[in-house]
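Residues or ranges marked as domain 'Peptidase M48' in TrEMBL: B:114-203. What TrEMBL records for B:6-23, B:35-55, B:92-113, B:276-297 is transmembrane segment.
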Amino acid sequence: MRRLGDLEAEIMDRLWTWNRPATVREVVDDINKTRPVAYTTVMTVTNILYNKGWLLRGKQGRAWLYTPVRSREAYAAALMEDGLGESKDRPAALVHFVENMSEEEQAALRKALRSVGRQAKAES
Amino acid sequence: MNAAPALVGYTAAVGFVAPHLMLRGSWQHRAPALAAAVWHTLAISFSIGATLTAYNLTMPAEHLHADLVGLLHACGVDVGTAEPDPGMAERLAVGVPAAIGMALGASFAFHAVRARRVRTRHRKALDLVGRHSARLSATVLPYDTPAAYCLPGRNPRIVLSDAAVRELSPEQLAAVLEHEQAHIAGRHHLFLAAMEAFHSVFRWLPLARHAREQTALLLEMVADDRALRSHSHEVLATAMYEMASARTPKGALAAAGQTVLIRLQRILGPREAAHPALWGSVAAVVVAMPLLPLLVACPPGLG
């Protein structure tokens, strides 16, 4: 059985891909190309997404038009950076790292980086 | 015989001296799982020692109420200076040790539950925003720096940025996935939660501070070693170097961050496995440590 979360993902995926306001009817029709789904189910889940703060909506005639609050990339960046405080001084940390390596360790790192570089060249 | 002085001495040694001994030497990085076990054993041993000390100091028969008041004062607890009555002392004898035990248990539950709530919220958002890759068995997020982390627990996820998928070679990617998988399979988040709990109860204790930091680093090394079983040192080291520029969410175990510096040096440096004799003796210490305070408190010959 499909979970509610799967349908949520399907709806969000379409709205992000289309990149324009869309009605529940459009989403239902698009999902119906691959599998049958009831209009009321999609409407309910879209409403859940709206209430959770993932979607904005505005009335056009008698139908609601839905848009994602933020782009997929913005959400992804927020997720990735969630709790960023931990290594704020990232470039400094890297410099510090290389400075603190012994000569043998630096040579080993250079060698490792070179061997991966060669692999990449051989592949392309 | 009154075991209180011996217990106080033992507990203090575990709490203040042992961490400094543990930070010395190089065997810890050669046998990270064993070293992590020692840190946990020290924490358990300290907890038992503290509990028994509290019990001994509050025993009504021992006329040690003054000691207890002094000890509590040292811990920043003001118990007042009322005359001790036997009933209260008896209640204290059971109550103080029980309070220590309950504080540790509650703290662990608090940290484990809070971390799980954060992870659940994060995972729900991930499932909406990310794309599941069946080939990698990972969730891929659009993000322009190579990065990877895992959400451990009951419904685990490995998360990769699409830049990582693009820029890392298939071998590097496989090594990174193996590393994250090791965190999930090893239930490393529970050990971290335990150390977090211990630290929030004994915040002022050197053992608690070092055990928490070292456990995080050692568990990363354990995961590195797991990845090194099926991948070369070059592959893992370069993958880590690529990702050292990335950042990772709190409450998640990361393949990048501060500890990456020490880990890279370890992966690239000369490799030597821990000597079996060392392994054996440290393992014996791990088993014996939690029992020591019990032996001190109730010497078998005097029972």
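Quick reminder: no glycine exception, Cβ is built from N, Cα and C everywhere.
Keep in mind that TrEMBL annotations are predicted by a computer and have not been checked by a curator.
The listed stretches are B:6-23, B:92-113, B:276-297; of these, B:276-297 has the most Cβ pairs under 8 Å to the transmembrane segment (B:35-55). Long-range neighbours of the transmembrane segment (B:6-23) within the same chain, counting only residues 6 or more positions beyond its ends whose Cβ lies under 8 Å from a Cβ of the stretch, are 35, 38-39, 42, 45-46, 49-50, 52-53, 56, 202, 205-207, 209-211, 214, 292-293, 296-297. Across the domain 'Peptidase M48' (B:114-203), DSSP classifies residues as 52 helix, 16 strand, 22 coil.
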